[in-house]
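Asker: Okay, so Swiss-Prot annotates it like this:
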DOMAIN    3-307  domain 'DegV'
BINDING   Thr63, Ser96  hexadecanoate binding site
Amino acid sequence: MRIGIVVDSACDLPQDFIQRHNIVVLPISVRIGEAVLADHRDEEATLSFLQAHVAERGHEAETTPFSVNQIRDLFLQQLVIDYDHVFCLTISKLRSQIFDNAMQASFAILNDYKPIRQAAGHTSPFALRVIDTLNLFAGQGITAVEAARLRDQGQSVAVIRTRLEQLAEHTYGYMIPRDLYYLRARARTKGDRSVGLIGAALGSALDIKPVLRAYRGVTEPVAKLKGFEPSAEKLFGFTVRKIRDGLMTPTVCVGYGGELAELHALPGYAALQGACQTHGVELLESVMSLTGMVNVGKGALAVGFAAEPHAFSA
C-alpha cells in the first residue's frame, strides 16, 4: 500500500523534511499589489518576498488557495498513479477554503481515476481522505509529521486515519504577533473578528503582545504579555513544561516570520532545544509560510504541539 501525504503551504515544516518524506504541497498564492508568489514552501523565495513586499503592505495581501479544479488535476495527473491512498491534511476550514475545495475535488477524483490508474498498470482501487487539522501554521505540522512517522512504521491506513483524527482534536498552535497595528489592519482587511478584543493602539503603546491559541478550529487570545522577547521566552518556557508533562507525539513545530537566526537568538529558545533533546522530542523549525506571515505579520512566532487539554499559563 503506497500512502501519500498532502498538506497546504500554510503548514509550517522545514523544506528538507517535506522533501525527505515526499510530502506534496498544495500551494497558496499570495498577491500584494502587482506582485504574486505561489508559496511552495521555498524558504529563500519566502524571505525575499517578505523583504520586498510583506513588511510594507502585507496587510493588503490577497491569498488564493488551490482551487477545486487545480486539486482535481494534481490528483488525476500524478497522485492517483503514485499512490494507493492519500491523506490530505488542511488548515482549519474556519480559516480557509482549502478543506472545502479538497472535499469537493475528492468526489470528482474518485469518479474519474479508474481509467488513469489502469493505463498506468494499477488495477487496485484508489482512496483519499481529507482531514481538517483544526489548526494552522506550526500547529498543522504536527499531524503531517505523525502521518509520516506512522507511514514509515508500516501502519495501516485505518490506524493512521484514526490517529490523525484524534490528534487533530489535541493539537495546540500558539502564536505571538510582533506588530499589533499590522494584526489589526489585516483583521480589518479580512473582516476577521477573532482579534477584536485587543485594543491595538493601546497594546502597541504599552508593548502588550497577545498570545493567540488555535485549538479545535478556533483561534483566540488566551493571554496578554508585555514585550515580544519576554513573551516569546514565556511561550518557550510553557512549551518546555508541556514537554516535561509528556506530549502526545514526540514533536514540536516552530514557525518564525523571518530569518531563523533571529529565532535562535530569542531568549528561552536554547532551553526549548535542550528540553527537546533531553526528552527525545524532535524540534522542527521553519520560516513561517507566506500565508502565515501576511496574516499575523513579519517577525511573528508560532509553536505547535499535541497535548492533553490544558490552559495556557505564563
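Just so you know, glycine gets a Cβ as well, placed from its N, Cα and C.
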Asker: Summarise the model's confidence over the domain 'DegV' (3-307) as a mean pLDDT value.
Answerer: 94
Asker: Please state whether DSSP places Thr63 (hexadecanoate binding site) in a helix, a strand or coil.
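Answerer: It is in a strand.
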Asker: With every protein chain in view, how many other Cβ atoms are within 10 Å of the Cβ of Thr63 (hexadecanoate binding site)?
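Answerer: Cβ-Cβ neighbours of Thr63 (hexadecanoate binding site) within 10 Å number 18.
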Asker: List, in sequence order, the same-chain residues at least six positions removed whose CB sits under 8 Å from that of Ser96 (hexadecanoate binding site)?
Answerer: Asp8, Ala10, Ile28, Thr63, Pro65, Thr90
